[in-house]
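I have placed the structure first, in the form of structure tokens, so that the comments after it can refer back to it.
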Amino acid sequence: MERPELPIGLPEDIEEKKTAARNWFEGLRDTICASFEALEDELQGPLSDQEPGRFVAKDWSREEGAGGGGRMSMMEGRVFEKVGVHTSTVHGEFSPDFSAQIPGAKEDPRFWASGISLIAHPVNPNVPAVHMNTRMVVTSSRWFGGGADLTPVLSRRRTQEDEDSQLFHKAMEIACRNHAVADYDAYKAWCDDYFFLKHRNEPRGIGGIFYDWLHSSEEAGGWNADFAFTRDVGRAFAMVYPKIVRSNFNKLWTEADRDEQLIRRGRYVEFNLLYDRGTIFGLKTGGNVESILSSLPPVVRWP
């Protein structure tokens, strides 16, 4: 989807709106971390004799000359081989070349951005990998973006008919259908198009939703409507993914399953380093490199 021209100008209470968004993202982070630790405790299948994992939080600040920072929350456990749930709130100025690519930045290079980003790589190949992020960005305009997508690592489960796929799609559809400012069909198609490895001519996973530059008019509800939808995307993810994990994490797997998982993880690496918009944005704006690249899986194999 082509980047739209967004209206220039900010509401008088933009600082209060920034605070509300930041508080939401950080609260969602804490909710998800607690939920994932509960999954670590509940495991009864393979590897249940190992200690359950716990998140380790690490706060970071941007280097001198830039503003803001964030928190990395990483866990390595018996359910999640590697999972990161990160929040950040940063501000500064875009470089001249990057300003031309960002709505509202040509007029003024200053920006503010806050959001949550999550990628989970489970131990059990029967449990699909997942990605979710939502964010608010302010330049001389303002907008929300984000989404969630599911990546089954076993080819027999990587279909639209699979029960995990249907459950995930339904959760995202409900989150969209409940808000007039959202367009489920467009966001689903955008996700399919975005999470596609062009050099391999194949999708990364089974999709989900993806949206960006959400800036509704005041007649349509404005910032409040956009924020309400973005919150429901986070709530939908926090509800549906633990259900999918619980339905799969006690199943047995084979060495062949593990090999397939590691090869599929390689597709994650390729996408994140070649195409991922969040990775590019973070590196271009002086973000925390350790946090940005923590989305990469811990063990990968290429055939």
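Cβ coordinates come from backbone N, Cα and C, glycine included.
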Swiss-Prot annotation of region 'Important for dimerization' - which of the ranges 160-195, 268-303 it falls on: 268-303
ASN133, THR134, ARG135, GLY286, GLY287, ASN288 bind substrate per Swiss-Prot; candidate in SER117, SER155 listed for that same site: SER117
DSSP-derived class (H/G/I helix, E/B strand, else coil) of ASN133 (substrate binding site): strand
Fewest other C-beta atoms within 10 angstroms, as judged across THR134, ASN288, which are the binding-site residues: ASN288
Cβ contacts of ARG135 (substrate binding site) (under 8 Å, same chain, 6 or more positions away): PHE25, ALA113, SER114, GLY115, ILE116, SER117, PHE144, GLY145, GLY146
Reduced DSSP assignment, SER117 (substrate binding site): strand
Remote residues contacting the region 'Important for dimerization' (268-303) - C-beta distance under 8 A, at least 6 residues beyond either end: 60, 62-63, 66, 69-70, 72, 74, 76, 81-82, 84, 86, 88, 90, 92, 94-95, 98, 111, 113, 117, 119, 121, 129, 131, 133, 151, 194-195, 197-200, 204, 212, 259, 262
Neighbouring C-beta atoms (10 Å sphere around the C-beta of ASN133 (substrate binding site)): 23
